[in-house]
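> There's a structure below that I have some questions on.
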Amino acid sequence: MELTLVVIVGVISIVVVAAFSQRLGLAAPLSLVIVGIGLSFVPGVPHPDIAPELVLAGVLPPLLYSSAVTMPVVDFRRNLKPISGLAVLLVVVTTLGAGCLFHWLLPGIGWPVAFALGAVVSPTDAIAATSVGRKLGLPHRLLTVLEGEGLVNDASALVLLRSATAAIAGTVSVWLVAGQFFYAVVIAVGVGIGVGVINVRVRALLKDPVLNTAISFVIPFIAYLPAEELDASGVLSVVVAGIVAGHLGPKHLRAEDRITEATNWRTLAFLLENATFLLMGLNVESLVDEAAGHEMGVGWVIVIGLLASALVIVARMVFTAPLVATMRREQRRAEKVQPVLKQIRGRLTELDERGKLSDRKKKHLHRRFTRASADVDFRLNETLGWRGGVVLAWSGMRGAITVAAAQTLPQHTPLRPQLILIAFVVATTTLLLQGLTLPTVIRLVKVPGDDPGQQREEYRRLLGELTEAAADVLNDPDLVDSDGRAYESEVIEKVRTDARVPDGKGDSEERHTPAGDVRRREQYLRLRLRVLKAESDRLIRNRSVGVYSSDTLSLAQRMIDVDTARLEQLAEGIASDLRATAVGVRHRPVRVDGRGGQPHPARHDGDPQSHDAQRLGRHRAAADEPDDHHDRADPRVPGPAGVTAARLPGRDHETGDRDEQEGQRPESEVEHAVDGGGGGLGAGREARHRIRREDATADEAQAVAADQPARPDRGAGAAQGAREPDRGRDRHQPAQDEVGLLDPAEVAEHEQAQRVPREVEALAGERQHDAHDEVEATGDHAPAEQGPGHRRRGVEGRFRRGVVHRRSSSLDNYCTNQCSITRMSALVH
């Protein structure tokens with residue numbers, strides 16, 4: 001109970017402090033450290049005793065993985081030199097310098113312990129720096145260098161800490177440390193690549209975003225544990241696995257999976273990283289108490305910590321100056337490479353004109369040339385300068401990982417409580433001093449950010465390429481649907497229109513659905529998804545060569561993902577609706593009354609739907625008898641006895657609640673429509689006579705037959721039965737609404753019959769045959785050959801829990817019918 005209360009209070013505190021920090025313009029980690037330090041000295045506030053191994057092995061892997069997934073491979077490759085310099089060389093330099101300082105100020109600890117403490121204070125935490133930098137508009141390259149450093153330097157520091165800790169118990173040579181470092185890096189990279197690839201491949205097989213995201217939560221630990229068992233860097237393995245997964249994800253994972261994963265990981269990373277800073281502040285009082293029992297005194301320990309803080313800050317400044325100079329030298333080198341690239345381009349053009357290059361070779365050379373040109377343009381345009389160097393030098397804040405790493409020192413280490421407190425002082429001093437003053441430094445040096453106008457122009461150029469990819473699909477002369485049929489011209493033009501709105505504006509149900517029948521709806525969805533897939537493939541190719549910035553590519557990828565996920569949900573909803581209809585039709589239990597061969601839905605004990613069937617049966621019995629031969633079912637032609645008033649128990653289980661929410665009529669209205677109010681011909685018979693008095697012209701009959709084709713194996717009566725309801729639907733809509741004569745989604749039944757088993761195909765024809773002849777007298781004139789026990793597969797009516805299940809019969813009605821729009825809105829949102 002106490003642990004649960006602590007977790008609840010902690011989460012609420014994190015959210016509240018983070019919300020106030022946004023209003024104050026502060027980074028949330030800074031505010032949480034300050035709040036934690038204040039609460040640690042308040043009597044009665046619990047001090048959570050969390051093992052440091054839990055932080056390093058339980059919190060650090062998911063934090064690094066969440067950051068690595070969002071790191072573009074192209075950006076990491078282009079900034080590999082500054083990232084490796086800060087994350088490896090600077091860590092080694094800081095470890096050596098701080099180790100010498102600690103050995104001088106604390107002579108009794110020995111060199112291995114001094115270097116171990118130096119490795120503890122060497123890695124930086126870029127969370128606070130990047131959060132402040134994004135708010136103040138730092139250039140993208142500077143943020144990439146800071147994030148990349150934060151991903152890799154933890155691995156470097158922990159490898160050095162492991163070597164120094166091993167040296168405490170024995171002797172370790174410099175060459176042995178170097179060999180261990182090289183081994184740890186190579187094995188970690190191999191494990192990370194393998195886990196990253198397998199991760200994406202396995203998750204691509206899962207079609208449920210919940211299961212997909214659940215698997216992603218354990219990937220950091222799957223990458224961490226094997227590397228640690230092999231005495232490699234588990235942290236580096238996690239980083240590599242995250243980068244590989246982020247790079248392969250857009251190509252292999254569904255858009256909905258990636259959207260869900262990103263949202264959940266952002267939430268998890270927010271809680272974990274801020275919880276570590278809050279715990280860091282809460283531990284200060286206990287650390288002071290542990291260090292106070294030694295004769296050295298807390299004051300001298302704090303002084304050593306302040307001196308070490310100054311050392312790491314100065315060391316970073318000194319190291320950053322030549323690093324920035326190296327980056328400027330690369331810029332000048334890129335200027336010299338430009339003329340060479342122009343010569344290479346001319347040479348490639350000449351070879352292509354002579355026909356000496358195969359298509360495969362030409363594509364390969366063009367890809368390499370484009371990548372090299374993009375890298376040169378990047379070095380020319382994305383520069384840091386001395387202003388960016390100042391910000392980079394002042395962004396060396398330490399974090400909670402420093403404190404957790406210090407607590408992993410062996411218990412027999414001399415002055416262990418004092419060493420942990422020194423590490424805490426270094427982390428707190430750099431975090432508060434540099435973190436609180438970093439916004440002022442950025443404003444004073446006036447670091448130029450990315451040009452918004454250039455970003456907009458780049459985004460427009462990218463959208464132009466995506467439009468070209470869509471045009472390549474739509475203009476393909478061999479463009480056919482997945483079933484081999486050609487796309488209708490209306491569908492192609494609708495997709496062409498929507499593809500010209502790349503920013504997603506106007507994405508409503510009307511925009512997503514062209515006017516027409518179910519086939520055109522399904523064709524539209526499949527073709528639109530096909531176009532989005534082509535745009536995504538073009539985006540992936542552009543990302544691999546680095547022509548556009550990662551921010552622009554990410555924005556376009558999110559746009560495509562949102563549209564793709566929305567259309568996939570809509571398509572899955574329509575498909576599941578059709579499957580549910582087929583399942584309900586196949587499994588309807590029907591019994592035949594031996595008194596007249598009249599089929600009735602099977603009654604089950606305790607099933608409230610059986611009472612509804614009895615009540616409907618009484619209304620059927622009260623209906624008027626047919627007055628001519630045309631009102632009777634022809635026993636030679638299979639008829640849909642029960643097409644309107646029979647029930648669908650199997651279907652009710654799945655869609656009954658949804659049907660009740662779609663504004664359907666209550667049961668009283670249904671009964672009134674069936675029995676005609678208790679007198680006369682009845683509403684159903686009167687509407688039927690009015691329909692038959694209308695003589696359709698030959699052209700109209702041909703158009704109706706084209707829209708609702710009759711089955712070749714049916715007789716003339718079946719074809720006539722298929723045409724007459726259509727005339728009634730077109731000419732007497734009020735009468736149709738009154739009686740509820742529409743057979744639900746007749747067009748959908750035709751399309752569905754091509755996909756479901758033959759039994760359902762035959763059923764689709766039965767549903768069309770003389771539906772109007774069986775409105776209020778279901779089964780009164782059943783075929784004579786139906787005896788007791790015969791299991792009829794006729795379509796059941798739409799009386800479900802006292803409501804009429806009505807669907808529009810064409811795509812035009814689909815777009816205007818309130819029930820269908822409600823269902824589409826639920827699927828889209």
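Cβ from N, Cα, C; glycine included.
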> TrEMBL tags one of 142-159, 232-249, 376-393 as transmembrane segment - which one?
232-249
> Can you check which of 27-50, 51-74 TrEMBL lists as transmembrane segment?
51-74
> Are there residues at least 6 beyond the ends of the transmembrane segment (181-202) whose Cβ is under 8 Å from a Cβ of it, and what are they?
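Contacts with the transmembrane segment (181-202): 155-156, 159-160, 163, 215-216, 219, 222-223, 226-227, 230-245, 248-249, 252-253.
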> Answer yes if the transmembrane segment (86-105) and the transmembrane segment (270-288) have at least three CB pairs under 8 Å among residue pairs 6 or more apart in sequence, and no otherwise.
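Result for the transmembrane segment (86-105) with the transmembrane segment (270-288) is no.
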> With a Cβ cut-off under 8 Å, give me the same-chain residues at least six positions beyond the ends of the transmembrane segment (300-325) that come close to it.
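For the transmembrane segment (300-325), the sequence-distant neighbours (Cβ-Cβ under 8 Å, at least 6 residues beyond its ends) are 82, 85-86, 89-90, 93-94, 97-98, 101-102, 105-106, 121-122, 291, 384-386, 388-389, 392-394, 396, 398, 418, 421-426, 429-430, 433-434.
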> Considering only Cβ pairs within less than 8 angstroms, which of the stretches 51-74, 209-226, 270-288, 419-438 has the most against the transmembrane segment (232-249)?
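It is 51-74, which has the most Cβ pairs under 8 Å.
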> With pairs closer than 6 in sequence left out, are the transmembrane segment (51-74) and the transmembrane segment (209-226) joined by 3 or more CB pairs under 8 Å?
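The transmembrane segment (51-74) and the transmembrane segment (209-226): touching, yes.
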